[in-house]
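Engineer: Before anything else, here's the structure in question.
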Amino acid sequence: MANNLLKGKRGIIFGALNDKSIAWKVAELAHAEGAKFVLTNAPIAMRMGQIQELADKTNSEIIPADATSDEDISNLIDQSMEILGGKIDFVLHSIGMSPNVRKGKHYTDLNYKFYSQSLDISATSLHKILSISMKKDAISEWGSVLALTYIAAQRIFPDYNDMADAKSLLESISRSFGYHYGIKNKVRINTISQSPTPTTAGEGIKGFDEFVSFSDKMSPLGNASAEACADYCVTMFSDYTKYVTMQNLFHDGGFSSTGVTQEVIDKFTEE
Ligand SMILES: NC(=O)c1ccc[n+]([C@@H]2O[C@H](COP(=O)([O-])OP(=O)(O)OC[C@H]3O[C@@H](n4cnc5c(N)ncnc54)[C@H](O)[C@@H]3O)[C@@H](O)[C@H]2O)c1
């Protein structure tokens, strides 16, 4: 059902680890919609993941880059423009990791070295990508940058832990940089706030399976899948959304506007 929405566009896609990753689905669809792109992930993910399979499928090259390293990002941007033959039209930031979550540290008793790593990997990395791109004038006019986020940036979801702080920072960076990059070069920057989705990062959160069912029952349309998220990302990379910038866009089946649903009430009235 491809519509050539991204025909002729060049992109960089961060964060495809395996075929459950949201970035993986975005890469498959962007390819079907006519885009050319470079895939990138942390060097360690090259060993753990199946990214080569995705590269083969989408005729794309892989450039390893740790998103916390200025040097890696700079090299990634230079090489991407060379491989793709020009400036970048779209960037997907699909990166998240919290050592505190991994090591089971409670939010009230964080390890602060881990905390700064959570923020650095999951949020500051977006600032670095944008800042280095701006200095190199690497993103085309009307280019579109998207980062994936979660509603725990606005409301408490206890087991989301310090990732909630990282997502708040990520959304703020997207808004602030969206202002500066919009004025300088008409580059638009948005976050997409996605439903809980069964991926490696998602499943790392405590009680994730129960939480997915709760969220599904609290969303009039049900949870949005990774494939549906890819549909939305491709639309946001296309020329049909040119004046959308500095927004946090909920892609969650209505969860964010719902106080309660009959299905959830029924759960509490079951005998
Ligand atoms: N899965 C969910 O429930 C859900 C919901 C809302 C938002 N998100 C967000 O979507 C994004 C993608 O996550 P996903 O669910 O597809 O899981 P995923 O585990 O497939 O992707 C996370 C990616 O981050 C990469 N990464 C970690 N450290 C890195 C570093 N230093 N440099 C470069 N890359 C690094 C990993 O290698 C991996 O590819 C994340 O930002 C996540 O927080 C996920």
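Including glycine, each Cβ sits where the backbone N, Cα and C put it.
When I checked TrEMBL for this same protein, it listed these features:
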- Tyr150: active site, proton acceptor (ACT_SITE)
- Tyr160: active site, proton acceptor (ACT_SITE)
- Gly15, Ser21, Ile22, Ile95, Lys167: NAD(+) binding site (BINDING)
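So where do these features actually land, and what's packed around them?
Structural biologist: Shown in sequence order, Phe157, Tyr160, Met163, Ala164, Lys167, Ser193, Gln194, Pro196 are the residues of the chain, 6+ apart in sequence, with a C-beta less than 8 angstroms from the C-beta of Tyr150 (active site, proton acceptor).
Counting every protein chain shown, 23 other Cβ atoms lie within 10 Å of the Cβ of Tyr160 (active site, proton acceptor). According to DSSP, Tyr160 (active site, proton acceptor) is assigned to a helical segment.
When secondary structure is read from DSSP and collapsed to three states, Ser21 (NAD(+) binding site) falls in the coil class.
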Engineer: Please go through the recorded positions Ser21, Tyr160, Lys167 one by one and keep those whose C-beta falls under 6 A from any atom of ligand 1; give the result in sequence order.
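Structural biologist: Only Ser21 meet the Cβ criterion.
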Engineer: Which value in Å gives the longest Cα to Cα span across the NAD(+) site residues Gly15, Ser21, Ile22, Ile95, Lys167 as recorded?
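Structural biologist: Farthest Cα pair among residues binding NAD(+): 18 Å.
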